[in-house]
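Q: Can you keep this structure in mind? I'll have questions shortly.
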Amino acid sequence: MSKIFGIVNITTDSFSDGGLYLDTDKAIEHALHLVEDGADVIDLGAASSNPDTTEVGVVEEIKRLKPVIKALKEKGISISVDTFKPEVQSFCIEQKVDFINDIQGFPYPEIYSGLAKSDCKLVLMHSVQRIGAATKVETNPEEVFTSMMEFFKERIAALVEAGVKRERIILDPGMGFFLGSNPETSILVLKRFPEIQEAFNLQVMIAVSRKSFLGKITGTDVKSRLAPTLAAEMYAYKKGADYLRTHDVKSLSDALKISKALG
């Protein structure tokens, strides 16, 4: 069964829940609720990546993360940190988090030595932007898929050459604005992600929760995307996704239980 990453955004401006969990105690409380709801891993993000985001500095990002990581580690909870800054990734290595989730796919070689010496798994995400937050750009679905496969090939090779054990790498094809503003690109990648698993023989994470392409197809705003999110997540589960990253852990966990019971 797919493992669930429960999202906790310790931010002011994340696209779906910015500001709700900026307070440390609220972030910890929410994380504990997500674990009760069925999350296998808590994915902490302290700097938003939405197209209209305001940049958060390294010091502030670490300040937001540190007490939450400490509290969750004390309870033995598996932790992922969603960050693309090498300095924050170094902090995460020191804190011995279980996963580092990089929306830019680890583009900075200066962090590779530290990554190689660590034990955490690395979520290597693809985006058409390569560097920076998601942007609203038009994309061609087939061209994006071809480019994505080449990107994964090159980045996996670079990490392995630097000493990162290949089996520690998890691939995330990106969704929503990370694939551009054309919803058909996300649909095509969602349909074809098993090709990524087959080509690289690595685990894949799918993160469709509340993403823009779902809203474009259904006409729903961010807070009304539970049904389309769950439909896409269950599709990914049936197609063999190893990890599902979601805001709505309880709904996904319950749906997975029913699907398993039905066989």
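Each residue's number is its place along the chain shown, starting with 1.
Using N, Cα and C of the backbone, Cβ positions are placed for all residues, glycine too.
Values in this document were obtained by computation on a predicted structure and should not be read as measured data.
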Q: Can you pick which of Ser48, Ser49, Ser78 Swiss-Prot lists for the same 4-aminobenzoate site as Phe177, Ser212?
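A: Site partner of Phe177, Ser212 for 4-aminobenzoate, according to Swiss-Prot: Ser49.
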Q: Swiss-Prot has Asn101, Lys211 down as binding 6-hydroxymethyl-7,8-dihydropterin; which of Asp172, Asp242, Asp248 does it also list for that site?
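A: Given Asn101, Lys211 bind 6-hydroxymethyl-7,8-dihydropterin in Swiss-Prot, the matching entry from Asp172, Asp242, Asp248 is Asp172.
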Q: Cβ neighbours within 10 Å, counted over all protein chains: which one of the binding-site residues Asn101, Ser212 has the most?
A: Asn101
Q: What is the biggest Cα to Cα gap, in Å, among Ser49, Phe177, Ser212, the residues listed as binding 4-aminobenzoate?
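A: Result: 13 Å between the two most distant Cα atoms.
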